[in-house]
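K.L.:
Sharing the record's features from TrEMBL:
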- 12-32: transmembrane segment (TRANSMEM)
- 44-63: transmembrane segment (TRANSMEM)
- 70-87: transmembrane segment (TRANSMEM)
- D120: active site (ACT_SITE)
- 129-150: transmembrane segment (TRANSMEM)
- D138: active site (ACT_SITE)
Amino acid sequence: MLIKTGNIVNFCKNLYITCIIILIDIYSKYLVNHYMKYNEYKKIFTFINLLYVKNYGLLLNIYEKIYQKYQYTILILQLILIIYFIYKTFYTSHYYSYQCILGATISNTVDRLYHGYIIDFIDINFNDYHVIIFNFSDLIFFIGIILRLYQLNVKN
């Protein structure tokens, strides 16, 4: 497989987008970690709050016990996913979905390696019931999945 100059240019553009996603996510987690106390709650809007939570589980803090049991296997799978999306990012020029998924995956993996958990802080609630709590990279990951599904649908 030959590496073409166009691929390198596309990869650099895509890497730029990925790096911006990572930096925004890491900076937002830094702000939460340094300016909020654990479990501190700040109301932003009627249904959106800031709530500092340590996520020891998998996606959206579920399967915490499974993660603890298989954390090294899951970490290896995350690294494989990162390598896969780096490869896909290198050979595609218009798939912003890959940059979103790659940036979010790298950012949460770095967070887990550095802290031992992932910092979540965006709290969506309805009538004081906490529906979901997540971070910026979770949102970007979700957007990446939606974009990819849209791209696949448009192709077919």
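In case you wondered, yes, glycine gets a Cβ from its N, Cα and C as well.
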K.L.:
Starting from the Cβ of D138 (active site), draw a 10 Å sphere and report how many other Cβ atoms land inside it.
P.N.:
21
K.L.:
Which whole-number value in Å describes the distance between the Cα atoms of D138 (active site) and D120 (active site)?
P.N.:
9
K.L.:
Do any residues of this chain, six or more beyond the ends of the transmembrane segment (12-32), have a C-beta under 8 angstroms from a C-beta of it, and if so which?
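P.N.:
Distant contacts of the transmembrane segment (12-32): 50, 52, 89-90, 92-93, 96, 98-100, 102-104, 106-108, 110-111, 119, 121, 135-137, 140.
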K.L.:
Tell me, how many other CB atoms lie within 10 A of the CB of D120 (active site), whichever protein chain they belong to?
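P.N.:
So the Cβ neighbour count for D120 (active site) comes to 24.
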